[in-house]
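The structure under discussion appears below in the form of structure tokens.
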Amino acid sequence: TSSTARKTPEKDSLKQDQNQLLKTPIQTNGNQQSTFDSGEDSHSMPDSDLLEPVITDGADVDDENDAEEDDDIRTPKINSHGKMKTYKCKQCDFIAVTKLSFWEHNRIHIKPEKMLKCQKCPFITEYKHHLEYHLRNHNGSKPFQCKQCNYSCVNKSMLNSHMKSHSNIYQYRCKDCNYATKYCHSLKLHLRKYSHNPPMVLNYDGTPNPLRIIDVYGTRRGPKVKFHKDEGGHNLLNSNINTSRRSKSGKRDSFPNFEQSQHVPTPPSSQALAMLPNLANIFQQSPSMPLFPYLNLNFHHILAQQKAALSQISPSINGWQNEENCNEEETPEKEEDPKRMSALDLSSNPSTPSTVSQVKHKRKGRAFKLELMKESSDDDEGQTIRTLGEIRSELETPKPVQLQLPTSSTTTPLKTTSEDDSTSVEPLQNLYECKFCDISFKHAVLYTIHMGYHGYNDVFKCNACGKKCEDRVAFFLHIARDAHA
């Protein structure tokens, strides 16, 4: 091909006509071949012709396009760092130094029915938008222009990348060295090459953004996690957490009111069990609240596990409550208002037996009647009033009530000692258990965070940084000692 040719007046007029035609939009037909709105019939080129530069009669392509084609396609280039520019194949390990050899190699990876060809050069692709951007380069159409300089490009992505050259903020930095760059892809290459760790990502204004995470071994461009913003431009994370806290506190306040209205003694273990579904309800009410950036759990599964645990424990609780109701029916006397009753009334008449009640706490042991006998001055039967120590000894030795939990191997009796003593109940076990590490969690949030570190394909591969561990011990030490941004 010739590099530069002598121009004639006829050729100048033909070039003006060509530029006018190139300004018209390009449409594609069913065969994905571009057609110009001109008087000449468009034709598709054979595959053999694609390997050679396009040579026409001068009315379609001028000498400048031929020279540009030689420079861009056939000649290797040197980048800004003084190294030869290479083109790497994403499907294999092939590396080319010219566009022409790279396009010829891509033919083996693209199916014939999906291959899109350019009529003006050997360019091929399987994506329509790539062909559209390529044709814009041929036409000289670059609608995206920089407002700070004369730079123009064919798509928005290239403009966004160019705008970083006008900024002095290096958003992406290395945690283990002084490496800093403006581009996420460059940081990923650095981290993979030297096995370094990524720190916190900066915003465009230089402020730290803990919500954006670098997926070192991922193929997707940019940070992995994005958060929606409200009208004011603030992240919805804090508002969702506050909303969940308010809803959770509202549910906690509703349980004591329910107990007071029903006057049903509830064991402390049932209060803890009643709080189990709150976590799943919080995430159902606030679906946009992110729990862990590496995990997308189905919280309906957690709710189903909680309901299954409650269904197994509920028969034991119902039996305990039925036994309490039967004991209350055996007592003919009704309890008075707790506000008016004292702890123990020793001045009552023999005909009016007094009952033992609690002002702040409900009765936890079996209900029974205390008969107080007053000594009579008229007879000599020797009846004496029971001492307070005897009454207290009877209160301290009721028949213990056992609540069997299906998740524990042994049963723990509920022993009542006094009003201020707390009832010890063995906590629920194995509700949230990691089968990979053989670790149990009492709280669903801790269990969810832990499971987020397990990989999808390899359970002992860290989902945060990509490090692969040998066994459960090495994996646990890794997530406990190594910092994850």
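Every residue number used here counts from 1 along the chain in the order it is shown.
Using the three backbone atoms N, Cα and C, a Cβ is placed for every residue, glycine included.
Keep in mind that this is a model prediction, so the values were computed, not measured.
Per Swiss-Prot, the feature region 'Disordered' maps to 1-77 (among others).
Residues or ranges marked as compositional bias 'Polar residues' by Swiss-Prot: 16-37 (among others).
As annotated by Swiss-Prot, compositional bias 'Acidic residues' applies to 59-72 (among others).
The predicted model assigns the zinc finger (87-109) a mean pLDDT of 90. Among the features that Swiss-Prot reports, zinc finger is placed at 87-109 (among others).
DSSP states for the zinc finger (116-138), grouped as helix (H, G, I), strand (E, B) and coil, give 11 helix, 4 strand, 8 coil. The zinc finger annotation in Swiss-Prot covers 116-138 (among others).
Secondary structure of the zinc finger (144-166) per DSSP, as helix, strand and coil residue counts: 11 helix, 4 strand, 8 coil. According to Swiss-Prot, the zinc finger annotation covers 144-166 (among others).
For 172-196 (among others), the entry in Swiss-Prot reads zinc finger.
Annotation source Swiss-Prot lists region 'Disordered' at 229-270 (among others).
Residues or ranges marked as compositional bias 'Polar residues' in Swiss-Prot: 257-270 (among others).
The region 'Disordered' annotation in Swiss-Prot covers 318-361 (among others).
If you look up Swiss-Prot, you'll see 325-335 (among others) marked as compositional bias 'Acidic residues'.
What Swiss-Prot records for 345-358 (among others) is compositional bias 'Polar residues'.
Per Swiss-Prot, region 'Disordered' is recorded for 398-422 (among others).
The compositional bias 'Low complexity' feature in Swiss-Prot is assigned to 402-416.
Annotation comment: Swiss-Prot describes 432-454 (among others) as zinc finger.
Feature annotation from Swiss-Prot assigns zinc finger to 460-484 (among others).
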